[in-house]
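Annotated DNA-binding region per TrEMBL: 86-129, in sequence order. Among the features that TrEMBL reports, domain 'Homeobox' is placed at 84-128. The feature domain 'TLC' is assigned by TrEMBL to 131-332. Here TrEMBL flags 339-380 as region 'Disordered'. TrEMBL lists 140-160, 180-198, 210-229, 263-284, 296-319 with the feature transmembrane segment.
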Amino acid sequence: MLSRLSELIWADWIWFPEGYGWDDLKDHDGKVFPKTQDLWAVLPVALCFVVIRQIFERSIALPLASLLGVRDNHRVCASPNPILESHFCSISRHPTQSSIEILSKQTGCSVRQVQRWFRRRRNQDRPSKLKKFQEASWRFTFYLLAFFAGLGVLIDVSSSPTEILIKREQSYLPLLTSQYWYYMIELGFYLSLIFSVASDVKRKDFKEQIVHHVATILLISFSWLVNYIRAGTLIMLVHDASDYLMESAKMFNYAGWKKTCNFIFTVFAIVFIITRLIIFPFWIIHATCVYPLTLYSTFFGFYFFNGLLVVLLILHIFWTGLILRMVVKFLPGNDIVEDERSDKEETESDDEDRGQKKKPKNGHMQNGHYVLNNNHRKTD
């Protein structure tokens, strides 16, 4: 029964155009083609990346952070309070005003003290600037090396990149050694990101990042199985072209190098839009979705491959919106570009700002300032 199910799932008509199948990808005449069992090599590669990352962050990223002047802000830890801790962990990290007032009565603390406790408690869970710098350094190093490796593989494949996508017989061209290692390394890296997702810095687009990683892993794996190696190589190269710029901008952001960060981010925004919203949809997707229709009728593998590309395109559009929001904030002359996805650390003044925005229940305004409510102490 299992063999019958396997035959049905991997039937030629599902994954290949009419007249082609898995037999065409068997090694012959000294030519080597991708094999399903090759993907098992990705697991040890991913585990190696996890180990190498730990070594890199400790031995290279930390000294580099010190050299660039990256410093963590001093954090005041929230004092132990079982009632507030229970609410923080099980109900809400951002309690409403009514909840704060109730908690104030339960704990015997003032409203301001409860607000301050939750702010400090939230800050405790936020990753430090040094941790974010270490992560950005690791990703910058990989994306930069992967980009130049992709260029090398592209040159190894053909002197004309257009040939990579438009040859009808591309699925039956033999596998090169450079392509094998490029695929294993790229796929191993993205798989390592899944392994380390629990310890990585959580950003506002966390869910979108997970979708991106899963879609990328499926796309790379599928393109390997059906020997869409040349198309897959160009897709990964286009993505790596801008990623290292973003990571380097974040590194200089954490180091406080404002002008350098703003310049690199501007270059990143231009490269991202060109590669992700122009080259990717109008060249690559057109070549994998529109051009094949002139050669053969559609099949499930055609929809599956291009469906993953569309998922990535939707994510590109989403991230372009975030990038443009940062650019808009940058244009008027802001001091530094802030990552829209990052969760900013709260400061003492944040509570005061929130308090000033809300009209107090009693008390009047004098000379543009609220008079302290006599029912509360002036200090916490």
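Note that Cβ sites are derived from N, Cα and C of the backbone, with glycine treated the same way.
When pLDDT is averaged over the domain 'TLC' (131-332), the result is 86. For the domain 'Homeobox' (84-128), the DSSP counts in helix, strand and coil order read 33 helix, 0 strand, 12 coil.
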